[in-house]
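Below: one structure, written as structure tokens.
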Amino acid sequence: MFPMVTEFMNYGQQTVRAARYIGQGFMITLSHANRLPVTIQYPYEKLITSERFRGRIHFEFDKCIACEVCVRVCPIDLPVVDWKLETDIRKKRLLNYSIDFGICIFCGNCVEYCPTNCLSMTEEYELSTYDRHELNYNQIALGRLPMSIIDDYTIRTIFNLPEIKT
């Protein structure tokens, strides 16, 4: 008879403990009920990126002196720089410049160490394609200026996300 009483007491304690845990979870749920939603409706609403956002790289062909500093500081030796030495003026002439964004880690070293500032980071982050070979951008594609999110009238921009209260 004694073991049956202890089992009944354990059952009662477990029931009380379970009810307490459910109550704690329910209180957390209720505390989040009066907060604003954090999610945004992505294709129709977009956040304004910060000033130092590291998006797609913009390249200015005329400023580049083909020094290949960007290739040396890149952790994965990504930029492909093709140049030809002009013997009469003893300078390099840039022939081709390309970056494969399928491999790029967007670290920003190439932009930071470029002596002529011909590379810059843009706010463009929508680079997804169905074919990975389309992510290999040449100097013409890199020179294209991105359309700003603010200028697109079909998208509602959200300047700052509501702060999350902890």
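Cβ coordinates come from backbone N, Cα and C, glycine included.
Distant neighbours of the domain '4Fe-4S ferredoxin-type 1' (55-84): 49, 91-101, 103-107, 109-125, 127, 137, 139, 142-143, 145-146; these residues of the same chain sit at least 6 beyond its ends, with a Cβ under 8 Å from one of its Cβ atoms. The domain '4Fe-4S ferredoxin-type 1' feature in Swiss-Prot is assigned to 55-84; the stated evidence is sequence analysis.
The [4Fe-4S] cluster 1 binding site annotation in Swiss-Prot covers CYS64, CYS67, CYS70, CYS114. CYS70 ([4Fe-4S] cluster 1 binding site) carries a helical DSSP state (H, G or I).
Positions annotated as [4Fe-4S] cluster 2 binding site by Swiss-Prot: CYS74, CYS104, CYS107, CYS110. Counting every protein chain shown, the Cβ of CYS107 ([4Fe-4S] cluster 2 binding site) has 14 other Cβ atoms within 10 Å.
The list of residues near the domain '4Fe-4S ferredoxin-type 2' (95-124) in space but at least 6 beyond its ends in sequence, with Cβ under 8 angstroms from a Cβ of it, reads 49, 52-65, 67, 69-70, 73-76, 78-84, 132, 135-139, 142, 145-146, 148-149. What Swiss-Prot records for 95-124 is domain '4Fe-4S ferredoxin-type 2', and it gives sequence analysis as the kind of evidence.
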- request: Determine, to the nearest whole angstrom, how far the Cα atom of CYS107 ([4Fe-4S] cluster 2 binding site) is from the Cα atom of CYS70 ([4Fe-4S] cluster 1 binding site).
  value: 12
- request: Going by Cα-Cα distance, pick out whichever of the binding-site residues CYS74, CYS104, CYS110 is nearest to CYS64 ([4Fe-4S] cluster 1 binding site).
  value: CYS110
- prompt: CB neighbours of CYS67 ([4Fe-4S] cluster 1 binding site) within 10 A?
  reply: 17
Message: Mean pLDDT across the domain '4Fe-4S ferredoxin-type 1' (55-84), rounded to an integer, is what?
response: 94
Query: So what sits near CYS114 ([4Fe-4S] cluster 1 binding site) in its own chain, CB-to-CB under 8 Å and at least six residues off in sequence?
result: VAL69, CYS70
For the binding-site residues CYS70, CYS74, CYS104, the one whose C-beta sees the most other C-beta atoms within 10 angstroms: CYS70
